[in-house]
Every structure is written in structure tokens, then in C-alpha cells.
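First the structure, in the form of C-alpha cells, and then the observations on it.
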Amino acid sequence: MGKILSLLLCFLISNLAVSSAQTCGNYAFSSNEIYSTCVSLPVLDSHLHWTYHPSNGSVDLAFRHTGSATSQWVAWALNVGGRGMVGAQALVAVTSSNGSVQAYTSAVTSYGTGLQPSDLSFSVPRIRAERVQGVVVIYATVVLPPGGTSFNQVWQVGPVTNGAPAIHALDPANRNSVGVVDFSTGETTASGAVGGARLRRRNRHGVLNAVSWGVLMPMGAMAARYLKVFTVANPAWFYIHVATQTSAYIVGVAGWATGLKLGSDSTGITYDTHRNIGIILFSLATLQVFALLLRPKPDNKYRFYWNIYHHSLGYSIIILSIINVYEGLDILDPEKKWKNAYTGILISLGVITVILEALTWFIVLKRKKDDKRTHAGTNGANGHA
Ligand SMILES: *[C@@H]1O[C@H](CO)[C@@H](O)[C@H](O)[C@H]1NC(C)=O
Ligand SMILES: *[C@@H]1O[C@H](CO)[C@@H](O)[C@H](O)[C@H]1NC(C)=O
């Protein structure tokens, strides 16, 4: 089990390393423009490339959004006096239904904005946009306002209806598309709904719960089902099963508690489905742990019903856990790389399950046959005697 777990962790880590290495700097622009810095923004499939000129405080930049559609607008903005949408000094690209792209600037003054063209509080000597193979790029030069090189940034994607930009969706990704960018150091931080410390707590919550509920618990169930069949592993399978599930439960409760804290701290966005499944899971798992203490002896006539109860509750917990890990990963990781890694782990566990299931049936059937043969042999001998 330990070996399998470490293999799975290696798989997860290599998966993450590959997906983060591919993202940013080696993108080839159709215009052959080269930028000295590139950051992948945490949500909405967006990247910011730029070159900062300290001599005149100007930045040549390219804001790139992949997976773009026609009848869609994209915007990237600095918010000089505040944070978030109101006050954003935006570079906008509007893709019409025929695929042509218009770029302009728009200073956002209210939540009811239609992103009408207007001048910004700083100078934008150059702006244009293009859309190539589903990738929209806004190219611009901005002259940074005085007061440093670090600014609040915000970016967004929304639909175009009747030729005009319309309100964007309010999904977690659309609400978390804010942060800080420092054009001189190249550092970016997410500072909006998902601030630095909060992001770390969310990641901790995600890792604790995905590992405990999403990986350890299914492995504990596999230990019970597939080790039992080997006579040498009796009664070891029982202790392995109890140890795995108990540690999964303890880590899972810790992860669950971090989730409650995150939930009570979050303002505005609530993740009701994820939260409710989490509460149900905690109750069912607690019941399952205490039911272990109440289990009848193997020869008790109620043991049969206890087994049915224990198995059905156990499988329900595993299914709900997997559903809730996916719910959580959708909230945590709009870029989907964690989700892909977790899917990879589940597929590996699934393949192992299929192999072990086949092996178990093979062993059980073979044992039955052998038993029959020995019985027949003994009876025959007796008969002769
Ligand atoms: C700023 O300076 C760089 C060279 O340092 C130059 O290439 C660029 O055109 C200048 N930009 C503006 C807006 O003056
Ligand atoms: C595409 O639509 C835009 C606005 O709807 C219009 O200005 C432009 O001329 C159209 N381009 C083509 C090639 O039809």
C-alpha cells in the first residue's frame, strides 16, 4: 500500500510539474514579438507577457486569453486607485460574431458598465488585438502612472450580445480574477477573494481532504476487500483496513475542520453543495468509525446485517467523497491541473481494483474447486474403508 501511495504521489507531482512548465514563456506570438517576462494568471486561461522600460516607465505588454470564442469580450486592467472592477483602467478586445476583433480602452466607473470606449487615467500610446486559432491577444504599450511599478490588476471574459459587451458570468473564476502585478520584479500575487494566506489555507484544505477522503479511504476499502482472500493476510487485512481508515478519518476530520473555517471566513461566495456534502460525509464517516466498536461477533446472527450496513455505508462514503473532491477541485483550481492529477490517481486505483477483483475471483473459484476435490477424495477413501 505504501509503495502504491508513493507511486501515486510521484505521478501527481510530475503531472503538476509538466502542466506548469508548458504554460507561459515559450508562446510564439504571430507578430514575433518577444517579451522579457510572462506570468500565467491563476484563472480564466489568461497570461500576461511584458517588457518593462525603466528609462521612461513604459510597459510593452501582451494579454493573452486562450480558448476564446466569437461574440466574446476580454479585458485586462490596472486599478490604480482601488481594487477590483470599479476604477479599473481596462484594455478591451471585443470579438464580434464574424470573428473580427476590435481593441480599445475603457475606464470602468460602475458595476453597470457597458465597457464603452474612453480614455484611461494613464497614457496608452498603442493598442491593438488579434484572434488566432482561438487565442485572443491584446497588444499595448502603457505608460505606468507615477508611484512605483506594483499595481492591482484585474482581468475578465464575458459575452457580446447585439454587438455590445454584456455582463460576465459570476463563477468563482470570474470573481477571483484580481491580483497584484509588479512590472519591475515580475512578481504577481493573487490578492482578491483568494489572498495569499487564504490561498494557502485553501490548498492545505484541498490536499488534506483529497488525500484522506479521496485516496486513503478507497485504498482502505480495497485493503479489506482484496487482502482478505489471502489466508496469509488473515487477520492482517483487518488491522491494515482499520489503520488506513482510522488515519484517513483523522486526517479527513482535520481537513474538514479547515473547510469549516474557510467557509465561515468567506464573504460573498458560498459553496453550498460542497459544504453540505462535506457535512454529510463527516456524519456518515463518524457513524462508520463508531459502528466498528458496536460490531457483533462473527458468529452472532446480527453480524450478517451489520456487514450489509457496514459495506453500503462504506461504499456510499467513498462515492460521496469522490464527488466532493471534484466539487472542491472545481472551486480550488479553475486551471484544472489538480483535477487532472486526481483523475489520474482515480484511474490508477480503478485499474488496480479491476486487476485485484479478477485475481480475487480466480483465487476464490480455484479454492472452491480444490475444496470440492479434497472433499470428494476424503469421502471416496471413507467409502472404500
Ligand atoms: C521607452 O523606452 C524604450 C527603450 O528604453 C523604447 O523602446 C520605447 O519606445 C519607449 N517608450 C515610450 C512610450 O516612450
Ligand atoms: C464583422 O462585424 C463587425 C461588427 O459587427 C463589422 O464592423 C465588420 O465589418 C465585420 N467584418 C467582416 C469581415 O464582415
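Any Cβ shown, glycine's included, is placed from N, Cα and C.
Quick look at what TrEMBL lists:
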type	residues	note
BINDING	H205, H241, H274, H310	heme b binding site
DOMAIN	44-158	domain 'DOMON'
DOMAIN	164-365	domain 'Cytochrome b561'
SIGNAL	1-21	signal peptide
TRANSMEM	206-224	transmembrane segment
TRANSMEM	236-257	transmembrane segment
TRANSMEM	277-294	transmembrane segment
TRANSMEM	306-326	transmembrane segment
TRANSMEM	341-365	transmembrane segment
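Annotated features, which come from TrEMBL, shown on the structure.
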{"residue": "H205", "record": "heme b binding site", "DSSP class": "helix"}
{"residue": "H241", "record": "heme b binding site", "DSSP class": "helix"}
{"residue": "H274", "record": "heme b binding site", "DSSP class": "helix"}
{"residue": "H310", "record": "heme b binding site", "DSSP class": "helix"}
Extent of the heme b binding site in Å [max Cα distance among H205, H241, H274, H310]: 27
Candidates 206-224, 306-326, 341-365; stretch with most C-beta pairs under 8 Å toward the transmembrane segment (236-257): 206-224
Nonlocal residues around H205 (heme b binding site), in sequence order (Cβ under 8 Å, 6 or more apart): G255, T258, G259, L262, G328
Least Cβ-crowded entry, counting other Cβ within 10 Å, from the binding-site residues listed as H274, H310: H310
H241 (heme b binding site): tally of other CB atoms within 10 A of its CB: 21
Average pLDDT across the domain 'Cytochrome b561' (164-365), rounded to a whole number: 86
